[in-house]
Amino acid sequence: MNSIESAVPPPRSYLDDGHSLRSWLFTHDHKRIAILYALAITFFFFLGGFAAMLIRLELITPAGDLLTADAYNKAFTFHGVVMVWFFLIPSIPATLGNFLLPMMIGARDMAFPRLNLFSWYLYMIGGLFTLAMLVLGGVDTGWTFYTPFSTMFSNGHVMLTVVGVFVVGFSSILTGINFIVTTHSMRAPGMTWMRLPLFVWAMYAVALVMVLATPVLAMTLSLIALERIFGVGIFDPALGGDPVLFQHFFWFYSHPAVYIMVLPAMGVVSELITAGARKRIFGYRFMVWAIVGISVVGFLVWGHHMFVAGQSMYASMVFSILSFIIAVPSAIKVFNWTATLYKGRIDFNAPMLYALGFVGLFMLGGMTGIFLAATALDVSLHDTYFVVAHFHYIMVGGSVMAYLGGIHFWWPKVTGRLYSQAWARFAAILMFFGFNLTFFPQYLLGYEGMPRRYHEYLPQFQVLNILSSAGASILAVSYLLPLVYLGWSLRHGPRAGPNPWRAKGLEWLTDSPPPTHNFEVTPVVNEGPYAYEDA
Amino acid sequence: MNAPTTSASPPSLRLHLIVLAALLALLLTSAGCALLPLGVFNTLSALGISVIKTLLVMAFFMRLRRGPPLLRIAAAVGFAWLAVLIGMTVADVLTRVVLPSPW
Amino acid sequence: MSTESAMLAQQFDDAAQQREASALGMWTFLATEALFFGVLFAGYTVCRVRFPAAFAAGSRHTDMLLGTIETAVLLTSSCAVALALRDVQLGGRRVAAWLLVLTAALGLSFLVMHGFEYYSEYREGLIPGIRYTQQGPLAGPMQLFFCLYYFITGFHSLHVGIGVILLLVMARRTWRARFSAQYYTPLELSALYWHLVDIVWIFVYPLIYLVGRAG
Ligand code: HEM
Ligand SMILES: [Cu+2]
């Protein structure tokens, strides 16, 4: 058993350590910073969701009646930019990661608490630029900023957007540096690498990706900005420059970025499944190597976004093969989660339902990724709704489900309160159905050839589009529900106690909510993670 | 309080000056090589010398030679990832079907 | 109470852990800097592979002598900051502070020399988008060379400028005995940053100034 020896009365919880606004805005406590992040990304999630509602409303009819072509372009661009950089990339790392990483390794705080707070401020500054872009009239390049449109032709607020994303990029670089250093140098005595919970491994791997990919995005965005200011640049075809070069740089960041969005989700789900099945994770070492493998190989496949962009066919062949290979570690993880569930005493509580939802939807999204990685098939599927469905299965079906699962799992730890299981289960199930109704029709639409990013479409696509929009409204309800019952639990929920799930892991050894410095005595670790009795 | 952490004593003044002299000599060598018609070896020698200079700075001025291996890994990873970016991008450009220039 | 224990942040157990963490954090940051500049070098490589003649012609327009002197200046400044750190580690203060001032001065002189280069290029009409008067078959792709030249040296000079300020702050702190043989982490990190700026330039020099010089 992991142990903490203590006799003194428990110190104040981090929530009671000052109630003024100042005590929040200038805090160095990783747990409070996590909450600041949670509030901010929730705001951006619903803002981005509002843009999505506009898109789905427009697509109910084949004619472009609700939004003009221009307004539609701005809606999907805003949706993409906000959801990718202001919600999904920071989602799990900046909230659950910030809160849990030090606790899971038995540390008092991050290695660089001030840097941690600074990264939140950077996030907020980037967010302000993005809001300014919205208020002043939006931008129409798509979240991918492809040149030469973004540099030469678009008359939206490209500069504001690019600056916003640049700044928020540095926020994620700083978070990444903090995570890497914290994992290396702040582990409690006895917490060896092979005793780290998989969530910590996932945070470490994602930090590596943030640190190694984001600078490339930052410079690429700077190049766009400079090209817009001076009217010349290396992506300018008139000078002999190469727009495809932009795509290389962009996807060198953005493919790894999709793993920034999904690796943390895998970490969360590994925790939820072991705790919910009351079993040791199956194949811990395989899981670790799969995480590390994904984060490394994830850097070698970016060209699969450029099969029809004028990339050389030899490069396409190599990128295609490497993309098939990267599915292997993902598959290993799915098998191991399934094997962990096998013969487990599964408690179908809300976190578990979210986790199961993740596994199923991630699998569908990943498998269609393989379709797209086949060059011949991609020629007809590229830039259709099939791609849209593919990445929404992983990013929304997978990562958002896992994020909410994690929130439900650690809510008692974060707030000290229990919420209504019945409502939470209902929301999880509703989300699963709403999600599939929204996005499964999009696979079919894409397969039949409906292109993405247009505000009009051929009449024969209407039925499936109506289904999709109907699903989206269910999805919206299921996202609003947790606000209600989790918010309610803050005042009226029963006290949680240190370990309501009887889960393993250092974070459950301390009080809920934890004291400011997490542990009264630094814990000593003498066994691996997930030491469930009936394992 | 804990015992003060004495990291290994810093390299000598002499060593610093020798490294600086080597760096300046390499600088002149690369300038000289650039003036000779060596074909592709102009580029190769210039880059080779830059790599050597970098290694000298990292090993001695930045103290990686006696530093913890983890720091060496961190330094190497940055360059390795950069090599991937440059390598795979150039591989694409080199194997593309040539498109005629607009002039 | 030594400076060292006063400087120990609450989240760390001891000074060794704190030092190790700071060093790793800085090196990780340096890796991100390498990739940040790396994009420009990648763009350079791709464009040069496609237009070798234009790049050679562009490079011949730059000032090789000044470029070489600038390189020597930065290399020397790197040595100076390394010696400053060494002095502090051995318990010194004044020499270290002056060495840091010297480093900053060298950095500043680098910026001034670069300013002169930019000015004469402006007069020659070599700045795409602002004043570009070149004619002839290579004039088009030569603009790519010059775009890259300004982007790379511009970002680099920005880093030099930040470095100069950082070094002056460190000189002041050293002078006021904020560091000792036991505690010198901020100085060490600033020195690392300065070396990185130097390393970037070590690659800029041959790629910008030395192409197509022979014959
Ligand atoms: C099993 C591994 C995966 C493979 C083989 C794969 C493959 C692909 C391919 C080939 C495309 C390009 C389709 C096209 O534009 O024609 C694509 C697009 C995309 N994928 Fe994946 N993918 C995988 C996993 C993921 C994951 C885990 C995520 C996100 C968390 C993701 C997010 C995206 C996004 C956002 C796009 C579209 C970007 C855009 O054009 O706007 N993919 N994927
Ligand atoms: Cu991809």
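Here the Cβ of each residue, glycine as well, is placed from N, Cα and C on the backbone.
For the domain 'Cytochrome oxidase subunit I profile' (A:24-526), the model's average pLDDT works out to 95. The domain 'Cytochrome oxidase subunit I profile' feature in TrEMBL is assigned to A:24-526.
Residues 24-25, 27, 66-67, 72, 75-76, 78-79, 82-83, 86-87, 90-91, 94-99, 120, 123-124, 127, 414, 472, 476, 479 of the same chain lie 6 or more positions beyond the ends of the transmembrane segment (A:34-55) yet place their CB under 8 Å from a CB of it. What TrEMBL lists as transmembrane segment is A:34-55 (among others).
Under the heading transmembrane segment, TrEMBL lists A:75-100 (among others). Tertiary proximity for the transmembrane segment (A:75-100) is limited to same-chain residues at least six positions away from its ends with a CB under 8 Å from its CB atoms, namely 30-31, 33-35, 37-38, 41, 44-45, 47-48, 51-52, 54-55, 58, 67, 110, 116, 119-120, 123, 126-127, 130, 133-134, 138-144, 156, 161, 164-165, 168-169, 171-172, 175, 179, 199, 203, 206-207, 210, 257, 260-261, 264-265, 267-268, 395, 399-400, 402-403, 406-407, 410, 414, 453, 507.
TrEMBL lists A:120-139 (among others) with the feature transmembrane segment. Long-range contacts of the transmembrane segment (A:120-139) within the same chain, counting only residues at least 6 positions beyond its ends with a Cβ under 8 Å from a Cβ of the stretch, are 33, 36-37, 40, 44, 74-75, 77-78, 81-82, 85-86, 90, 94, 154, 156-158, 160-161, 163-171, 174.
Tertiary proximity for the transmembrane segment (A:159-181) is limited to same-chain residues at least six positions away from its ends with a CB under 8 Å from its CB atoms, namely 77, 81, 85-86, 89-90, 93-94, 97-98, 101, 110-112, 115-116, 118-120, 122-123, 125-130, 132-133, 136, 139, 141, 145, 203-204, 206-211, 214-215, 217-218, 221-222, 224-225, 228, 260. The annotation transmembrane segment is assigned in TrEMBL to A:159-181 (among others).
Per TrEMBL, the feature transmembrane segment maps to A:201-230 (among others).
According to TrEMBL, the feature transmembrane segment maps to A:250-274 (among others).
Residues annotated as transmembrane segment in TrEMBL: A:286-307 (among others). Within the chain, the transmembrane segment (A:286-307) has long-range Cβ neighbours (under 8 A, six or more residues past its boundaries) at 194, 198, 201-202, 205-206, 208-209, 212-213, 244, 247-248, 251-252, 254-256, 258-259, 263, 266-267, 270, 315-316, 318-320, 322-323, 325-326, 329-330, 332-333, 336, 372-373, 375, 378-379, 382.
Here TrEMBL flags A:313-332 (among others) as transmembrane segment. Under 8 Å from some Cβ of the transmembrane segment (A:313-332) lie the Cβ atoms of residues 283, 286-287, 289-291, 293-294, 297-298, 300-304, 306-307, 362, 366, 369-370, 373-375, all in the same chain and six or more residues away from its ends.
The transmembrane segment annotation in TrEMBL covers A:353-377 (among others). Within its own chain, the transmembrane segment (A:353-377) is flanked in space by residues 262, 265, 268-269, 272-273, 276, 301, 304, 307, 313, 316-317, 320, 323-324, 327, 330-331, 334, 337-338, 386-387, 389-395, 397-399, 401-402, 404-405, 408, 425, 428-429, 431-432, 435-436, 443, which lie at least six positions past its ends and keep a Cβ under 8 Å from the stretch.
Look at TrEMBL and you will find A:389-411 (among others) tagged as transmembrane segment.
Positions annotated as transmembrane segment by TrEMBL: A:423-444 (among others).
Annotation comment: TrEMBL describes A:464-486 (among others) as transmembrane segment.
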Residues of the same chain, at least six outside the transmembrane segment (A:250-274), with any C-beta under 8 angstroms of its C-beta?
84, 88-89, 91-93, 96-97, 144-146, 172, 197-203, 205-206, 209-210, 212-214, 216-217, 220, 280-281, 287, 291, 294-295, 298-299, 301-306, 333, 337, 340-341, 351-352, 354-355, 358-359, 362, 391, 394-395, 398-399, 401-403, 405-406, 409, 503-505, 530, 532
What else in the chain is close to the transmembrane segment (A:464-486), if you only count residues 6 or more beyond its ends and a Cβ gap under 8 Å?
45-46, 49, 52-53, 56-57, 59-60, 404, 407-408, 411, 419-420, 423-424, 426-428, 430-431, 433-439, 441-442, 444-445, 457
